[in-house]
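Participant: Features from TrEMBL:
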DOMAIN    A:7-292  domain 'UvrD-like helicase ATP-binding'
BINDING   A:Ala28, A:Gly29, A:Ala30, A:Gly31, A:Ser32, A:Gly33, A:Lys34, A:Thr35  ATP binding site
DOMAIN    A:293-575  domain 'UvrD-like helicase C-terminal'
REGION    A:668-704  region 'Disordered'
COMPBIAS  A:686-698  compositional bias 'Low complexity'
Amino acid sequence: MKDNYLAELNEPQRAAVTHINGPLMIVAGAGSGKTKVLTTRIAHLLRNGVDAFNILSLTFTNKAAKEMKERVERILGSSEARNLYIGTFHSVFARLLRAEATKLGYPSDFTIYDSDDAKSVIKTILNDLNLDDKHYKPNLVYGRISAAKNSLMSPEEYQHDHAVQQEDMRANRPMIGQIYDAYAKRCFKNGAMDFDDLLYKMYLLLKHFPDVLHKYQHKFKYIMIDEYQDTNPAQYEIIKLLGAAHENICVVGDDAQSIYSFRGATIQNILQFEKDYEDTKVVKLEQNYRSTKSILNVANEVIGNNKGQIPKNLWTDNTEGEKIKLVRTMTDNEEGKFVADTIAEQKLRNHYANRDFCILYRTNAQSRSFEESLRRMNIPYRIFGGISFYQRKEIKDFLSYLRVISNTRDEENIKRIINYPVRGIGKTTIEKTMVFANEHNMTFWDVLVRAREFGFKGGTLEAIDGFVTMIQSFQAMAQQNHNAYDVAIAVGKSTGIVKELFNDKTTEGLARYENIQELLNSIKEFTETPTEDGELLEKSLGTYLQQISLLTDADNGNDENSDQVKLMTIHAAKGLEFPVVFNVGLEESLFPSSMSINTREELEEERRLFYVAVTRAKSRLFITYANSRYRFGNLVQNEPSRFLDEMPEKYLDRSYAGGGVRNAFGGSGNSGWGNSNNMFDRKKTPATTPQSTTSQRPAPKPAVVATNHVPSPNFTPDDPATMEPGMEVEHQKFGFGTITAMEGAMHNRIATVVFPKAGGEKKIMLNYAKLMIVKK
DNA sequence: AATACTCCAATTTTT
DNA sequence: TTGGAGTATT
């Protein structure tokens, strides 16, 4: 380990690093070297005799956890770091919960539901309770349940809490308490926890099992929390419990960057820390190493409009830098053009690479105009956020199999796959099974296993038995020491999913096939990566599932070295920095969002978000806003954002003319209409080479499927009864094909036909679609 | 079973 | 405008 590690730190940084025992709060301004302090402190602890096994370090993202681990390892120059417990709140708690699951009545292979899973459970419950999902919007209900868990409120407490009930009554949604109750029971029955449960159940575990609490209090003698300003009450209480014995709690955060209150975070946690823990040592990191003076000054001025902050004075030794360029365009499309032009120009003038630029917006929906203009200029880019890999339908379907194999209690996932691929288990059968399961207080799966006893017959019984046998054979595989990859391959083969997707030659089908391959590859990679802590069965299916349930695509193919302009929401940009930043869409109702201007608290959070956006920039910052933009299909006019008025004029340059010659005068007041001559450039030029997009994005727009078959002039349908496999037939739309199979009774014949020119295998119901026999 | 349609809603989202 | 969900059509 390096000896001079303390010498590389400034005064307050060193103070933070060398404080070993007792509560410590590090207030770390943007760009003040927070991660460096955290990692160095861990190294310092180890050097001073603390055992790595006794250190717990919690972050919010996998990425942050990974980076921390790597940096500690680098400082130490040894593998001692792998004994540290570094991870996200969710992944660390999931692991502990897995170890103690039986105490709470959960299987140790419990499934983790993401928010889509959770919402679909809520939908079925709304159905059961005969509630209207227009009024009880699943999203909203989920939000209420999530908020309840994040503030450690059980369904019973929720239903008996006066204030909460009042609130629901006023919103005319009195049933949310019951829905919460049913939801919690359903999840438990399914052996599943949602993201919030990972915190809530962890709290319950520590609260109700003193021996468990004692065990972990003694294991985790030193606790570090990153991004403390974004913790919620559940996380707060857990930390309090875990840290109670030693109070060696070190929190790091910046109240000015608290931007997740809508996810339950309370800024109070950091504001109150000193009061919560006596003798707290407070260290403020106020020197910024990231940005120019201009950028930092603007940020400081703007955030100064917020009340109730921890007083601090962020400063920098960096150069003055250029003024902030404030640019107004007439439309959102022009805004896109301006940014793309400017990127091209800056690359030439200041020798930037694509990866030096980042475009930051308030909402994902704003990305479109930038995508278009970047594509038109052939500038490679990558969009972060949006639909994640693991949310794609084909991926979820496939993972459902794996989840069911590892936890058959999970009714939701069974229902997802029981008839995918189609195997003749329809709605009626599923409903019957559900009724039986309820009546006999059994799981859905157990009813399937004993289908014969429940009176299922004939083809249905056969289909169910086939499904059960198949799943059981996978389970047997998983238990016989086959690793996750072997099982996954078997699933792909036996279910026919891989083959089915392979045969689908449409563009989307191809993308789906590739996604599945990518998934299989990632499973393979998982099984082949050496285990970190040498735990047994580490490559099992269960471990794999546990891990990926907590993964987001930000953690995935984040190739730092790929040279692409980055596009993301401001939320997604927290913790990152870029030489040149474009902060776009600075308009009232967009930013600040019209949803968040009703209370002072909401508005202040928007302002913090703006602060985060500004402080991402190292040397150049462009802020743009459009006079009018399309929103939900119609052109709307927006006033310039109020935040623009909060930036002192002396740091601004309103005359930047961009890469081309375009209107760039400004004035946050009403400086009249522009002299733009491209006001009408809405018309879409066809996108040129989409070479720059990435696999992160959903599949490219489907090309027109080649189904434009012109039927033969003598086309006359033939009698379905005479058709047999092997015959060549013609379909009015799909063209010529070969029958590979026939099924169904006389009055409802179904032919499986391979159409080489129209996307491969299709099932044709002969009652409706007509076929003509070409060759017997 | 697959498709074609109609209608409706629409922040941010570390896990 | 987009996308999803639900319904109707073949």
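Here, residue 1 is simply the first one shown, and the rest follow in order.
Keep in mind that glycine also has a Cβ here, set from the backbone N, Cα and C atoms.
Nobody curates TrEMBL annotations by hand; they come from automatic prediction.
Let's see these features in context: how buried, what's close, how far.
Facilitator: Confidence for the domain 'UvrD-like helicase ATP-binding' (A:7-292), expressed as mean pLDDT, is 93.
Secondary structure from DSSP puts A:Gly31 (ATP binding site) in coil. A:Gly31 (ATP binding site): 23 other CB atoms within 10 A of its CB, across all protein chains.
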Participant: Please work out which residue of A:Gly29, A:Gly33 has the most C-beta neighbours within 10 angstroms of its C-beta, and give that one of the binding-site residues.
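Facilitator: Compared across A:Gly29, A:Gly33, the most Cβ atoms within 10 Å surround A:Gly29.
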Participant: What is the set of residues, excluding A:Ala28, A:Gly29, A:Ala30, A:Gly31, A:Ser32, A:Gly33, A:Lys34, A:Thr35, whose C-beta falls within 8 angstroms of the centroid of the C-beta atoms at the ATP site?
Facilitator: A:Val37, A:Asp254, A:Leu285, A:Asn288, A:Tyr289, A:Arg290
Participant: Specify the count of other C-beta atoms within 10 Å of the C-beta of A:Lys34 (ATP binding site).
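Facilitator: Excluding its own Cβ, the number within 10 Å is 22.
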Participant: Of A:Ser32, A:Thr35, the binding-site residues given in the record, which has the fewest other CB atoms within 10 A of its CB?
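Facilitator: Relative to the other binding-site residues in A:Ser32, A:Thr35, A:Thr35 has the fewest Cβ atoms within 10 Å.
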Participant: Looking only at Cβ atoms, how many others are within 10 Å of the one on A:Ala30 (ATP binding site)?
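Facilitator: Here the count is 25.
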